[in-house]
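A quick write-up on the structure given underneath.
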Amino acid sequence: MKIRLLYPDSTLPTYAHETDSGMDLIAHEDVLIPPGEWRLIGTGIAIELSPLTEAQIRPRSGLASKHGITVLNSPGTIDEGYQGEIKVILINHSSQPFDVTKGMRIAQMVIAPIVRPPIQVFRGELVETSRGNGGFGSTGV
Ligand SMILES: O=c1ccn([C@H]2C[C@H](O)[C@@H](COP(=O)(O)OP(=O)(O)OP(=O)(O)O)O2)c(=O)[nH]1
Ligand SMILES: [Mg+2]
């Protein structure tokens, strides 16, 4: 994949350890998130994904466990063809305001394969399965 730095001071997201699943995304702006509110935060980068892959924006567990900060739409979906700036929607679940500062690692981005199956539309019955319509606790708790 390619990562495009949109501004002279954009910071490249990196894997903290080479075997990590996600690369840490960096805030490209200062944003104060009041208690209970959410904000859209720019990362200063855009990406070019390989065919049949997507990027998922996931929370960092440290921010969640220490500050009650998470990704509101987790996992955020970055579509293969999206060329705009990657932005992160953070929500502050704590009772204190949270200061996002430029350069802070605010979320992580995981690249994952996706499937776009051919779709067949029909009106008959689905092939029978053992689960059938059972769900929402049908197997007990
Ligand atoms: O956390 C996110 C989620 C999405 N996006 C960008 C990339 C994605 O490809 C595009 C659309 O996202 P999504 O499909 O989740 O939003 P939508 O509300 O369905 O908007 P659209 O109608 O543009 O698809 O917005 C981000 O930068 N960050
Ligand atoms: Mg969409």
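Cβ coordinates are placed from backbone N, Cα and C, and glycine is handled just like the others.
Note that TrEMBL annotation is computational and uncurated.
Annotated features in TrEMBL:
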BINDING   Arg60, Ser61, Gly62, Asn73, Thr77, Ile78, Asp79  substrate binding site
DOMAIN    11-140  domain 'dUTPase-like'
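Here the features listed in TrEMBL are placed on the structure.
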{"residue": "Arg60", "record": "substrate binding site", "Cβ within 10 Å": "20"}
{"residue": "Ser61", "record": "substrate binding site", "Cβ within 10 Å": "10"}
{"residue": "Gly62", "record": "substrate binding site", "Cβ within 10 Å": "10"}
{"residue": "Asn73", "record": "substrate binding site", "Cβ within 10 Å": "11"}
{"residue": "Thr77", "record": "substrate binding site", "Cβ within 10 Å": "11"}
{"residue": "Ile78", "record": "substrate binding site", "Cβ within 10 Å": "20"}
{"residue": "Asp79", "record": "substrate binding site", "Cβ within 10 Å": "10"}
Listed binding-site residues adjacent to ligand 1, that is, members of Arg60, Ser61, Gly62, Thr77, Ile78 whose C-beta is under 6 A away: Thr77, Ile78
Three-state secondary structure, which DSSP defines for Ile78 (substrate binding site): strand
Arithmetic mean of per-residue pLDDT over the domain 'dUTPase-like' (11-140): 98
Assigned conformation of Asn73 (substrate binding site) - DSSP reduced to three states: coil
